[in-house]
C-alpha cells in the first residue's frame with residue numbers, strides 16, 4: 001500500500017440514486033483499506049466544516065442545471081461548492097464545474113470535438129456536422145442547414161445533455177418533419193453505422209469500451225418517411241430489442257474502433273477540459289470506416305465496467321502522488337493495461353486489433369498549446385448484445401496534473417459565472 005495515501009480525505013457528493021446504482025459504499029470501503037478516509041458531503045452545511053479534503057468527487061449536474069434556471073437553493077449550493085474550491089486550490093476536484101457546464105451543453109461539447117478533430121488531422125476521425133436551432137423553423141432554416149453541411153436524414157437532440165429529456169430524440173427525413181422540432185435543440189447529421197454504438201467509459205488514464213445496440217441504417221437523402229421519435233437510453237440498453245435496432249443487412253464497413261484513436265480522443269478531451277470522469281459515444285461510419293463522436297457525457301453510469309472502483313482509486317492515487325511530488329509522478333507514461341474480456345459470442349467485434357501509429361495524432365501535443373481554447377481563454381489571449389472491449393490505460397497522464405485542473409478552473413471561471 002502506498003504510504004502517502006494514509007490520512008488522505010476524499011469527499012463526495014452524488015445523488016442517492018447514483019450512490020445506489022454504483023454501490024459507492026463499496027468504493028468507500030476499498031479506499032479505507034488503503035488508508036483513505038471517505039466523507040459524504042452535505043452541501044446544506046458549510047464544506048469548510050467537513051474538511052480538510054484532498055479530493056472531491058461529485059456529480060452536480062442536476063444542481064448546476066437547476067442553478068442555471070435561477071433556482072435559489074441550487075444557486076446557493078453551487079456557490080458554496082465553488083467558494084470552497086476557490087479557498088482551497090490544493091483540493092483536487094473530479095471534475096471542475098466549468099468543464100461540467102461545457103459537457104452539459106451539446107452545442108458547446110460538439111464544437112469542442114470539432115476543434116479537437118481539426119487539430120488532430122487524423123483521417124480516421126470525422127464526426128457529423130451539427131447546428132443549433134434556437135427558434136422555430138422558418139423560411140431560412142433549410143438554407144442554414146445546408147450552409148452548416150446538414151442533409152436529410154438528421155437527428156435532433158435537446159441542447160441539454162443531462163436528465164431524462166436529454167434521451168428524447170428524433171430522426172427527421174424531410175422538410176415537413178422540421179415542423180415537429182422543438183427548440184432549443186441541436187441537429188446532427190445521421191451517419192449509418194450498422195446499428196452498433198461504442199460507449200467509451202474514461203476514468204483518468206484508463207478507459208473501457210462497451211458495445212451497445214444502436215439505430216439501424218437509413219437511406220441517405222430526403223424521403224417521405226415520417227419523423228421517428230425515440231428514447232436513446234432505451235434503444236441502447238444492453239438488452240434492447242427494438243425495430244429501430246434490427247439491422248436489415250450489414251452494409252459497407254463493419255469493424256470495431258481503433259484503440260489508438262480512442263486513446264488520443266480521450267487524452268485530448270482531458271487536456272482541453274481537465275476532466276477525468278466522462279463517457280464518449282462513438283460510431284463507425286459504415287461507408288468510410290471513420291470514427292464519429294456523437295456525444296460526450298459527464299460522469300456516466302459506467303455500466304459494464306467491472307474495474308470502475310479500482311480505476312478510480314488508482315487515478316486518485318496518481319493525482320495525489322503527483323501533487324505530493326510536485327507533479328513529477330504524472331510525467332511518466334503509463335503502460336497500456338488490458339482486462340480480461342467478458343464472455344462473448346464467437347465472431348464478436350471485441351477481438352483486439354493493433355493499429356499503426358499515426359504521426360498526425362495528438363500524441364505530439366505534449367508541450368504545445370492546444371488550439372481549442374475556450375471562449376474565455378481566447379478573449380484573454382485575444383448491436384443487440386452488450387460486449388466489453390479491451391480495457392486500456394491512456395498513454396499519457398500529464399493532462400490531469402493538479403496544476404492543470406486548477407488552470408482549467410481559472411481559465412473557465414468567467415465563462416461559467418456568466419451562464
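Cβ from N, Cα, C; glycine included.
Features of the protein shown, as given by Swiss-Prot:
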type    : residues                         : note
BINDING : 18, 167, 199, 297                : 1D-myo-inositol 1,3,4-trisphosphate binding site
BINDING : 106, 157, 188-199, 214, 232, 236 : ATP binding site
DOMAIN  : 117-334                          : domain 'ATP-grasp'
BINDING : 281, 295                         : Mg(2+) 1 binding site
BINDING : 295, 297                         : Mg(2+) 2 binding site
MOD_RES : 388                              : N6-acetyllysine
MOD_RES : 401                              : phosphoserine
MOD_RES : 415                              : N6-acetyllysine
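Structure with Swiss-Prot features highlighted.
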residue: 18; record: 1D-myo-inositol 1,3,4-trisphosphate binding site; contacts (Cβ under 8 Å, 6+ apart): 24, 59
residue: 106; record: ATP binding site; contacts (Cβ under 8 Å, 6+ apart): 157, 158, 159, 160, 161, 186, 295
residue: 167; record: 1D-myo-inositol 1,3,4-trisphosphate binding site; contacts (Cβ under 8 Å, 6+ apart): 231, 232, 233, 234
residue: 189; record: ATP binding site; contacts (Cβ under 8 Å, 6+ apart): 128, 129, 130, 149, 150, 151, 154, 155
residue: 192; record: ATP binding site; contacts (Cβ under 8 Å, 6+ apart): 217, 218, 220, 251, 252, 285, 286, 287
residue: 281; record: Mg(2+) 1 binding site; contacts (Cβ under 8 Å, 6+ apart): 197, 198, 199, 200, 293, 294, 295, 296, 297
Confidence summary for the domain 'ATP-grasp' (117-334), mean pLDDT rounded:
90
Quick one: give me the count of other CB atoms within 10 A of the CB of residue 297 (1D-myo-inositol 1,3,4-trisphosphate binding site).
22
Judged by other C-beta atoms within 10 Å of its C-beta, the most isolated of the binding-site residues 195, 232 is 232
In which DSSP state, out of helix, strand and coil, do we find residue 106 (ATP binding site)?
helix
If H, G and I count as helix, E and B as strand, and all else as coil, what does DSSP give for residue 297 (1D-myo-inositol 1,3,4-trisphosphate binding site)?
strand
Would you count the other CB atoms within 10 A of the CB of residue 295 (Mg(2+) 1 binding site), including those on all shown protein chains?
22
Let me know the DSSP-derived helix, strand or coil state of residue 232 (ATP binding site), please.
helix
Distance in Å spanning the most remote Cα pair of 18, 167, 199, 297, given for 1D-myo-inositol 1,3,4-trisphosphate:
19
Using DSSP reduced to three states, classify residue 198 (ATP binding site) as helix, strand or coil.
strand
